[in-house]
Amino acid sequence: MATQFTRMLAGRNTAVVLASLGAGTLATGYLLTDSTAAAERRVLYPPSADFPDLRKHNNCMAASLTPAIYAHLRDKSTPNNWTLNQSIQTGVDNPGHPFIKTVGMVAGDEETYEVFSEIFDPVIKDRHNGYDPRTMKHPTDLDSSKITSGVFDERYVLSSRVRTGRSIRGLSLPPACSRAERREVERVAVMALSGLKGDLAGRYYSLGDMNEREQQQLIDEHFLFDKPVSPLLTSAGMARDWPDARGIWHNNQKNFLIWINEEDHTRIISMEKGGNMKRVFERFCRGLKQVEQLIHERGWEFMWNERLGYILTCPSNLGTGLRAGVHVRLPNLSKDPRFSKILENLRLQKRGTGGVDTAATGDTFDISNNDRLGKSEVELVQLVVDGVNYLIDCEKRLERGQDIKIPSPLAQFRR
Amino acid sequence: MAKNCHNDYKMKFSGDEEFPDLSLHNNHMAKVLTKDIYNKLRGKSTPSGFTVDDIIQTGVDNPGHPFIMTVGCVAGDEESYEVFKDLLDPIISDRHSGYKPTDKHRTDLNFENLKGGDDLDPAYVLSSRVRTGRSIKGFTLPPHNSRGERRTIEKLSIEALATLSGEFKGKYYPLNGMTDKEQDQLINDHFLFDKPVSPLLTCAGMARDWPDARGIWHNDAKTFLVWVNEEDHLRVISMQQGGNMKEVFRRFCTGLLKIEETFKKHNHGFMWNEHLGYVLTCPSNLGTGLRGGVHVKLPKLSTHAKFEEILTRLRLQKRGTGGVDTASVGGVFDISNADRLGSSEVDQVQMVVDGVKLMVAMEKKLEKSESIDDMIPAQK
């Protein structure tokens, strides 16, 4: 019940308030229990003995972690006893791809970003185009009414989607959570979702309990998520105890969907066929706000602070955690040698329609925002809207035999 | 030090809230673990910080096969078997034919005590092999050890193996440093071990930091081989073509004892006690940790109605020639001892030698279309 957890929440509130104040208040961390065995071990194995071999590695963690930083942080832990070694294990185990730079570290709880800021801050800066958590503030804006020109030409745009993640303050994140914590995340989320009404009313399917028919239905609708097989996730401990306390919730209209306890506490997805991104985002914001209201009523809240925005497991998803995208046909533009540069300047990325790392089939691409942190949700969705409209305009020009222009690069951060 | 989760913090939740869902599970851990045992053990940890959740994680994550009974737990250090005896003793008893907490295990690595074994018919017995594992005292085990510990184990192993001479003179190949040519050679010799992909091992944390401090050592003759930091600190293997199990076992015992001498000199003997014998990561390998076996052609006997019964009575098990869980190819089987704990190395290899000899004789009879009914052995 909530009572057990609210008691704990009260105890953790100090740490959490300090965390949201930021600026290294928890930088000193909490030293690991000083038992004789632990003390002996520290003498026998100084940090230099444990420093990982990162010579073949190409990820953000390996680029920033030095023996000095490691020595400073190795013996610290968050209030829940999460350590640096645990955070970086996935990056040590997965050297990375020569072309794709993975992050290589995860957070075990909200305090991770504070206690280990000495390594997380440079990694965040590296991943998020120079965003400096020490000095900058992240804007949050979920007012979908601000979006303009958010309805695309459906001869080109086949579907529209917005996703993000949310973590429940007071409970550890997927790499670290115990079974009890994970089950509590499920309870809190499902209870909140059951309060949604109207076009958002829906139901929950627990991964462990669903029958074959339900399972097949969810697979056919492309809603079902599987036990993670990617070593990036399994090395970080996110697949432990599968499928305990994992599940999928969706509304009756099947355009608002929540994943529970996959890579984050919750992943929220709004999607529909066609090009009405404005409506997709409107539902996204409305649903998110209602869920937040429903958990507030029971004494819970999302992890958020003004330096880092919404706190999620992977540093790459900090800030908005938002990926807004479309499946769009661009047969002519995709063959133009300027395509990549255009995308780059518009701060967009392309993926195959199977998701990250898949190849495009035919001429249809998944186009979405690159950035997550330093710009608000509204800014990012508008950026995608403007960008996709530009791409469609280029496509039409090429169809008519007209020339196209590479747009000037967009500014990175609001000053 | 790898740690599953934050144990002190977890103690704030009730045992009921934390107890794993084992309703679909079929492994030794799931059969034995009750809420009472879990509640009794969840507040404990070994001096190095290994907890009951760490012990059982692999069994929670891998419900098991309906036909194969996996163990479902691992030790993180020598003390695991003491601190968590309320869980591990019943599992050990279940897995090792009723072995009791008061039983004593006998170690016998005197190869001269083996009778016969040099006369297995090479027309049927294609190759012979004996393997075991050893853990080095004073270090935590592969599910739990830090990079610093693992590297020290590698360093000690290299030093110990470098002192070997004569038939045991050899060379160490670190997984991280080998050239392409060396790698191809080791693959062709069937010596190279890969990063574990089996979730039974990865969920137990044994593949962390791969390939840091992992490697393979073998003698020049390629008949004695040591794996460093795979599923155990050391895996020691003696093998050769043909049926001379006596020679394989002689080399096995001699080499092992020489290696142990060197480790003892550095005050790092092997983990051993008189109840559990040699202490290894998986409870299934306690005792001798020994699997002695042959690849043997038994096309007729293997299709005989009593084949399984014969194996059970001889205390032997069959596998395909690709190893555990593979199917046999061309009637050739991997036949080895089923027992590890409660009988000595000599006892177990003797059972393999005697049993295989009998089965080859049966195969020959069946070739001549004669009956083998009067040859069926009693239960050993």
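Placement of Cβ uses the backbone N, Cα and C atoms for every residue, glycine included.
Residues annotated as ATP binding site in TrEMBL: B:127-131, B:H190, B:R235, B:291-295, B:319-324. In the structure as shown, the Cβ atom of B:R235 (ATP binding site) sits within 10 Å of 21 other Cβ atoms. For the recorded site, B:R235 (ATP binding site), the DSSP three-state label reads strand.
Restricting the average to the domain 'Phosphagen kinase N-terminal' (B:10-97) gives a pLDDT of 94. For B:10-97, the entry in TrEMBL reads domain 'Phosphagen kinase N-terminal'.
What TrEMBL records for B:124-366 is domain 'Phosphagen kinase C-terminal'.
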If one looks at the chain holding B:V130 (ATP binding site), which residues at least 6 apart in sequence have a CB under 8 angstroms from its CB? B:I237, B:S238, B:M239, B:M245, B:V248, B:F249, B:F252, B:L290, B:R291, B:G292, B:G293, B:V349
Counting by DSSP secondary structure, give me helix, strand and coil numbers for the domain 'Phosphagen kinase N-terminal' (B:10-97). 42 helix, 2 strand, 44 coil
Test of understanding: give the count of other CB atoms lying within 10 angstroms of the CB of B:S127 (ATP binding site). 18
Across all protein chains shown, the binding-site residues B:G293, B:R319 give the max Cβ-within-10 Å count at B:G293
